[in-house]
Amino acid sequence: MAAPVVSGLSRQVRSFSTSVARPFAKLVRPPIQIYGVEGRYATALYSAASKQNKLDQVEKELLRVAQLLKEPKLAASILNPHVKRAIKVKSIGDLTAREKLSPITTNLINLLAENGRLNNTPGIISAFSTMMSVHRGEVPCTVTTASALPEATLSELKTVLQSFLSKNQVLKLEVKTDPSIMGGMIVRIGEKYVDMSARTKIQKLSKAMREAM
């Protein structure tokens with residue numbers, strides 16, 4: 001029973017990808033593949049924007065849409081499943097006109113409204129942002145410490161982390177504090193994960209002592 005739904009979605013996405021770019025061209029693949037409904041729409045959007053050299057513009061517009069969707073009044077009118085689709089389409093039309101969004105972004109939002117998939121909008125925006133991050137060569141890195149690092153230590157840490165990247169990659173660093181790790185740090189960079197926290201060291205020591213007894 002699920003096959004017709006998936007097939008219909010595929011047709012809609014392909015139609016969107018080509019509806020804003022003429023002549024019809026081969027789909028431009030994003031630098032990273034994201035699955036699911038959000039991934040399909042984001043891929044089509046990336047392809048359409050890439051063909052018109054408007055990736056940066058579309059990304060900025062989507063970030064603006066994401067901000068607008070956080071407004072309680074707007075969210076209640078277009079994300080509420082009990083609101084009639086026709087009303088949502090009208091609200092979206094007013095929004096895109098007021099914000100003067102590009103045809104690419106407007107077509108996406110209108111398509112989501114017409115197909116009853118506006119609730120997928122935040123996920124689609126997130127997927128597109130991930131694609132753009134990889135497109136720019138950004139490598140996400142999260143460093144968690146028990147307390148805030150001094151500026152000198154943070155600067156040295158950035159230099160060390162950057163040394164692990166290739167020349168065309170850019171470090172996108174996020175620093176968090178979590179007193180529960182007790183000391184040391186936890187580093188997640190790309191797909192690599194290194195736990196050097198005092199908490200983990202204590203847990204390993206405790207386990208080793210129990211096994212030795």
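Yeah, the Cβs are placed from backbone N, Cα and C, and that goes for glycine too.
Annotation comment: Swiss-Prot describes LYS54 (among others) as N6-acetyllysine, evidence class similarity to another entry. Within 10 Å of the C-beta atom of LYS54 (N6-acetyllysine) sit 18 other C-beta atoms, taking all shown protein chains into account. In this structure, LYS54 (N6-acetyllysine) belongs to neither helix nor strand by DSSP; it is coil.
What Swiss-Prot records for LYS60 (among others) is N6-acetyllysine, and it gives similarity to another entry as the kind of evidence. LYS60 (N6-acetyllysine) is surrounded by 13 other CB atoms, counting those within 10 A of its CB over all protein chains shown.
A coil conformation is recorded for LYS70 (N6-acetyllysine) in the three-state DSSP classification, outside any helix or strand. Summarising the annotation, Swiss-Prot assigns N6-acetyllysine to LYS70 (among others) and lists similarity to another entry as the type of evidence.
What Swiss-Prot lists as N6-acetyllysine is LYS73 (among others). The Cβ of LYS73 (N6-acetyllysine) has no same-chain neighbour under 8 Å that is 6 or more residues away in sequence.
Sequence annotations record features per position, and here Swiss-Prot assigns N6-succinyllysine to LYS90 (among others). Mapped onto three states, the DSSP output places LYS90 (N6-succinyllysine) in helix.
In three-state terms derived from DSSP, LYS100 (N6-succinyllysine) belongs to neither a helical nor a strand segment and is classed as coil. Within 10 Å of the Cβ of LYS100 (N6-succinyllysine) there are 8 other Cβ atoms, across all protein chains. Annotated N6-succinyllysine per Swiss-Prot: LYS100 (among others), in sequence order.
The N6-acetyllysine annotation in Swiss-Prot covers LYS100 (among others) and is backed by similarity to another entry.
LYS158 (N6-succinyllysine): 15 other CB atoms within 10 A of its CB, across all protein chains. What Swiss-Prot records for LYS158 (among others) is N6-succinyllysine, and it gives similarity to another entry as the kind of evidence.
Under the heading N6-acetyllysine, Swiss-Prot lists LYS158 (among others).
Following the DSSP three-state reduction, the secondary structure of LYS172 (N6-acetyllysine) is strand. Here the Cβ of LYS172 (N6-acetyllysine) has 14 other Cβ atoms within 10 Å, regardless of which shown protein chain they belong to. Marked as N6-acetyllysine by Swiss-Prot on the basis of similarity to another entry: LYS172 (among others).
According to Swiss-Prot, the N6-acetyllysine annotation covers LYS176 (among others).
Taking all protein chains in view, 10 other C-beta atoms sit within 10 angstroms of the C-beta of LYS192 (N6-acetyllysine). Residues annotated as N6-acetyllysine in Swiss-Prot: LYS192 (among others).
If you look up Swiss-Prot, you'll see 5-23 marked as motif 'SIFI-degron', on the strength of similarity to another entry.
Per Swiss-Prot, the feature transit peptide maps to 1-23.
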_Please give me the CB contact count at 10 A for LYS90 (N6-succinyllysine), counting all chains in the structure._
14
*Which residues of the same chain, at least 6 positions away in sequence, have a Cβ lying under 8 Å from the Cβ of LYS176 (N6-acetyllysine)?*
THR142, VAL143, THR144, THR145
*From the modified residues LYS54, LYS90, LYS100, LYS172, pick the residue whose C-alpha lies nearest to the C-alpha of LYS158 (N6-succinyllysine).*
LYS172
*In terms of DSSP three-state secondary structure, what is the assignment for LYS192 (N6-acetyllysine)?*
strand
*Hey, how far is LYS60 (N6-acetyllysine) from LYS90 (N6-succinyllysine), Cα to Cα, in Å?*
23
*Out of LYS54, LYS70, LYS90, LYS100, point to the one nearest LYS172 (N6-acetyllysine) in space (Cα versus Cα); all of them are modified residues in the record.*
LYS54
